[in-house]
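Have a look at the structure below, then the notes.
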Amino acid sequence: MKVIQNIQNKFQGFIQACKRYPLSVVFLVAIAGLNAYMIQQEADDYTRYLYSFFIGIFLSATAQHVYERFFEKTMQRILLMVGAIILTVLYFYTIGSSVDYDLETTIKTGIIFFALTFAFMWIPTINSKVTFNKSFLATFKSFFTTVLFSVVLYAGIGFILLAVDQLLFSLDYKVNLHCLNLVASLFAPIFFLSGTPLYLSKQDESTQSLEEQADKQEQIEQELMVPKVLELLLSYIVIPLTAIFTIILLVYLLQNITGEFWTNNLLEPMLVSYAITVIIVYFLVSTINTKSAIFFRKIFPKVLVPIVLFQTVSSVLRIQETGLTLGRYYVILFGVFAFIAGIIFSVLPVRKNGWVAVVLIVFSLISILPPVDAFTVSRVSQTNLLKETLVKNNMLEGNKIIPNASIPDEDKIKISQTIDYLASMNYSKEIEWLAPYNQRLNYQFEEVVGFEPVYDESSFSPNQSYYATIDWKGSPLLSIEDYDKMIVFSQYDSPTLSAIDFEVENSTYDIISKNEDNTTNLSLINEQNDTLITIDLQETIDQVAASAQTKNVITLEEATVTTENEEAKMNIVFTSIDIYDNKYNSEFYLFIDIK
């Protein structure tokens with residue numbers, strides 16, 4: 001009976017959500033209908049409409065929370081709905097028709113979704129007894145409950161369709177897609193909205209007695225309690241793991257504060273992930289009173305502040321070398337946000353945590369509104385860095401780029417990275433002196449600037465993993481004149497090579513290999529057992545890797561190494577090189593000339 005009652009409650013909540021968010025449901029029905037049409041048409045793409053409908057869903061749901069918190073008349077609710085519709089239409093015409101291939105529009109739309117989601121959680125807590133932390137928890141629970149129910153529902157439908165297809169009659173594969181569309185476009189979003197508590201509204205405050213308001217508030221508090229399973233998971237698994245990772249991070253920071261920390265690019269995503277984890281966990285444990293949760297609330301915000309401060313400073317310093325890209329803009333902006341959030345968590349009481357949501361919404365809007373948005377700022381930064389580097393190397397005269405291969409490697413890297421960024425973001429056609437080269441930047445880069453793209457340091461370390469093969473299409477001919485013999489070697493099977501003997505002008509010679517001190521030496525021996533010439537294969541392979549700037553496809557010239565003395569000359573042409581875990585493998589042609 002309890003199970004049946006729970007199902008009835010969920011169904012009633014589903015119906016209640018449709019009444020509470022009618023405009024959002026209309027947009028959801030529109031999305032489901034559009035998806036169904038796209039499934040049938042297959043070729044057509046209506047991304048512009050989908051984005052607009054999604055914006056409409058978020059705007060109308062947020063507008064409903066604004067109405068519940070600040071208004072009580074039906075006409076006011078209608079006006080808020082009309083406002084949401086108008087903003088949706090404005091968005092539709094603002095993004096234009098090129099949205100299918102426009103990364104900027106896609107990212108900005110995602111940021112709008114993100115900001116509206118936090119507004120959706122924050123608005124009910126304004127001047128309310130419900131804190132933002134509890135609203136965040138309600139959304140968190142509703143999201144994962146929705147995922148669980150949706151997965152189970154779709155899996156069940158899938159098994160039913162499979163049974164019908166295998167046992168009764170054949171079904172078109174599109175039936176499965178239509179079912180997925182209904183679950184994802186209608187059931188899941190409405191089920192999620194049904195999990196949003198009906199907070200104490202302005203109308204409740206005006207029409208209900210204090211006793212009725214207290215009863216409803218108590219009911220809301222019951223809905224906002226942390227589930228026991230989640231409490232155990234946070235207190236005894238998530239918090240201890242986060243603490244261990246924090247200790248490792250602090251030890252690394254203290255050990256490398258004067259060196260590697262400021263140049264290690266791998267730390268950026270790691271520290272951003274760490275900051276996100278700390279902030280989310282803080283929101284979730286704000287109402288938990290276990291010892292570990294209390295410890296987390298007291299200590300971790302104070303630890304978060306210096307970590308994100310150092311990382312933000314590190315990211316800012318890297319701008320001088322690489323310019324400001326879209327990704328680094330958001331890393332720095334998030335670092336500033338995390339720093340402010342850490343201060344708020346450390347100084348203000350839990351009930352004031354809503355300010356974190358306000359800061360996040362403001363920063364989100366800043367990042368998409370010109371002229372300080374991420375796209376404008378990064379485009380200007382990368383354009384200026386490219387222009388400065390070209391001018392510095394006398395490669396820009398008026399609006400014409402002058403090819404120049406004899407420039408420092410660090411400048412080659414800057415030019416390659418900035419051009420790649422501007423071209424990938426489709427900004428090159430907007431820059432007056434770069435527009436004439438727009439298409440050629442992707443396919444004729446070397447003709448434009450005088451060298452092949454270089455995206456990282458070309459110096460090769462002996463401990464570095466590396467693999468390369470020769471470009472036979474570009475170098476199909478090998479000259480064998482001036483050489484007496486050619487021998488084919490493969491070093492993949494063992495570190496030493498089998499001895500090979502041959503004759504030149506009635507004299508016998510041997511090619512032998514010796515493995516000494518983890519290096520393989522290839523030696524030419526005469527009849528008197530004298531060593532005429534020796535080649536260190538490891539050193540030779542390192543030389544090829546360094547000269548090829550660690551490219552994976554190398555030219556004949558880059559693959560060739562010549563060693564010569566007064567008695568003999570040996571020329572090695574590597575066809576493949578493989579360095580891994582300090583083990584050297586290779587295949588090569590050895591040309592020998594006896595003097």
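Easy rule for this one: first residue shown is 1, then count along the chain.
Each Cβ is built from the backbone N, Cα and C atoms, and glycine gets one as well.
For 21-40 (among others), the entry in TrEMBL reads transmembrane segment. Nonlocal intrachain contacts for the transmembrane segment (21-40), taken as residues 6+ away from its ends with a CB within less than 8 angstroms of a stretch CB, comprise 46, 49-50, 53-54, 56-57, 60-61, 63-64, 81, 84-85, 88, 174, 177-178, 181-182, 185-186, 189-190, 193.
The transmembrane segment annotation in TrEMBL covers 46-66 (among others). For the transmembrane segment (46-66), the residues of the chain that approach it from at least six positions outside its boundaries are 20-21, 23-24, 27-28, 30-31, 34-35, 37-38, 77, 80-81, 83-85, 87-89, 91-92, 95-97, 99-100, 105, 109, 112-113, 116-117, 119-120, 123-124, 189, 193, judged by C-beta separation under 8 angstroms.
According to TrEMBL, the feature transmembrane segment maps to 78-99 (among others).
If you look up TrEMBL, you'll see 105-123 (among others) marked as transmembrane segment.
TrEMBL lists 143-163 (among others) with the feature transmembrane segment. Sequence-remote contacts of a segment are chain residues at least 6 beyond its ends whose Cβ falls under 8 Å from one of its Cβ atoms, and for the transmembrane segment (143-163) they are 171, 175-176, 179-180, 183-184, 187-188, 191-192, 195.
Residues annotated as transmembrane segment in TrEMBL: 175-200 (among others).
Feature annotation from TrEMBL assigns transmembrane segment to 233-254 (among others).
The transmembrane segment annotation in TrEMBL covers 266-287 (among others).
Here TrEMBL flags 299-317 (among others) as transmembrane segment.
The transmembrane segment feature in TrEMBL is assigned to 329-348 (among others).
Long-range Cβ contacts of the transmembrane segment (355-372) within its own chain (Cβ-Cβ under 8 Å, at least 6 residues beyond either end) map to 108, 111-112, 114-115, 118-119, 121-122, 132, 279, 329-330, 333, 336-337, 340-341, 344-345, 348. According to TrEMBL, the feature transmembrane segment maps to 355-372 (among others).
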Notebook entry, point to check: Considering pairs 6 or more residues apart, do the transmembrane segment (266-287) and the transmembrane segment (105-123) have at least three CB pairs under 8 Å?
Noted result: no
Checklist line | Chain residues outside the transmembrane segment (78-99) and at least six past its termini with a C-beta under 8 angstroms from it | finding: 23, 27, 47-49, 51-53, 55-56, 59-60, 62-64, 66-67, 71, 105-106, 109, 112
